[in-house]
Amino acid sequence: MPAATLLPFTAAPSRKSAGPTSSFRLTERFILLLVFSAFITLCFGAIFFLPDSSKLLSGVFFHSSAVETNTRTGTVSGSGSANDEKILAKIRKDHEDALTEAKDTLQKRPEEIKQEILKEKEKVLRDSLGPDGGDVDRLPPVEYQRPPGATGQEPPDPRTRERRAKVKEMMQHSWGGYKRYAWGANELRPISKQGHSSNLFGGLKGANIVDALDTLYIMEMYEDFDEATAWVEKNLDFSLNTEVSVFEVNIRFVGGLLSAYYLSGKDVFRRKAVELGERLLPAFKTSTGIPWALLNLKSGIGRNWPWASGGSSILAEYGTLHLEFMHLSKLSGNPEFAQKVMNIRKVLERLDKPHGLYPNYLNPNSGQWGQHHVSVGGLGDSFYEYLLKAWIMSDKTDEEAKKMYYDALQAIETNLIRKSSGGLTYIAEWKGGLLEHKMGHLTCFAGGMIALGADGAPGDQTGHQMELAAEIARTCHESYARTTLKLGPEAFRFDGGVEAIATRQNEKYFILRPEVIETFMYMWRFTHDPKYRDWGWEAVQALEQHCRVEAGYSGIRDVYATSPNHDDVQQSFYQAETLKYLYLLFSEDDHLPSDHWVFNTEAHPIYSLLREEHLTHTV
Ligand code: DMJ
């Protein structure tokens, strides 16, 4: 029998049989098809559309494990209608729950639904990583060895000992005020005695605590350190829908946590640092990999400061991630952190630099410079610092960083460094080829930086660079000495007949910044010239006289006024940097020695030797 007669509905009609007979067959086939489809529909209807039928069917036709389990445990007694009733009631309840859930979901805003889906996804990811939780809980174990010099000896000289003790008392006073009036807030308002926060941290909390951890440790305030550690363990939360400054969060939070880890060995700091680092990674999602300035920690959406030239990222911000991110890779075993910051270098290397200088603005999408403004102070400063420290931190193996640093310093010297008619060396700012003869308080860190790098300077430049560092230290000291309150202004000028003096009202404030004292500390360590300790002591006295208030220390609005007008903010860098550098200025050189420790730009000491043999993963 030909196959076609056996398969009437599927076989293609032969061309030869086309005609009236075949048309009758077609109708017949159509009717049969209809009957067959009606039958199929009926069967499916029975399964899917009859109320609550599926579960009943599963009990009848399939071996139901639920029923079996219940029977085994004796929870279903008897059989027949009582059992069916129970199952039907359960099915009805499931339906009602599903309906209520669907109704609730429909009432939610799309944004809320999106957040819930994200949460659910995170949970699934965490569950898939096992009972320990997320990635950070699964960090490779690291063999921790306390690096040398984490703690220091009392100085033998009584006067220095006394000065050092005084600085510790200042820290106790400052910390005490924060603890009492602003615990958990980002900063303290020491006059109004309440918490304070700037928009740099969005909804993040506890900047002061994280920024001060290492200072507490270094000054041996161990009880306070433990309290701060407990706060970090319980309350430091990064899973926030909030926008933060990538730079500030990196230098203060990541840097503070890394430092606390290297000093104390407590693994909570390593885990928190890596967790925060992971949250910062989406900032690098730009065409060039140059990160955004601002980032929402939850959504990972980044953007730049609206005031920055043509949507640019800022040199001092994207250029001040290197130290921390290299350590994050080391401590997490995840190479991504290091790759991100090494890429920043690559982008910069490919660009043409006007006169060898690095403009402060760079568009992260076009990869082009914005305005040609160059500064060793605000917007540029710590980029240069991190080139030098990247080289030192690599145990002096990172030749690329070394070259970039010394080349940049050469260009700065040629184009920006000038001497006033009164003999003060200063670092001016460069705007499209024109010099603005102004030096910021921020720029004063450069004395310390140049001193730190002098030793490795190419050719026979070491002596020259030490002299340059000393001259900058002197100029910055003059900027303090020439004020009424003996504290330095935010910026000082060398034009219009003045030298090292602020001439604009909006440049006369002092906000407890550390840079001048930072330079004194380095200069003391490299020269042991007692004038640096004396200059530091002058600053201590001025701080005590004009900034100390009942609940802590406050910035001042005008350092040329006869009495201080307080701004009511105790910046977190006061404890992180100013007091720490003062304490180290009056400490022995083997406390955090520079051959083992590198200070990040927020003065957080990080173990300097990143090479394999100094820090090993145990797996
Ligand atoms: C600190 O947060 C850091 O030192 C940063 O690099 C620049 N300025 C402040 C303190 O002045």
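The backbone N, Cα and C atoms fix where each Cβ goes, glycine too.
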Cysteine from C444, C547 that TrEMBL links to C476 by a disulfide bond: C444
C444 (disulfide bond) versus active-site residues E248, D381, E490, E515 - nearest by Cα: E515
Protein Cβ atoms within 10 Å of C476 (disulfide bond), excluding its own: 29
E515 (active site) and D381 (active site), distance between Cα atoms, whole Å: 11
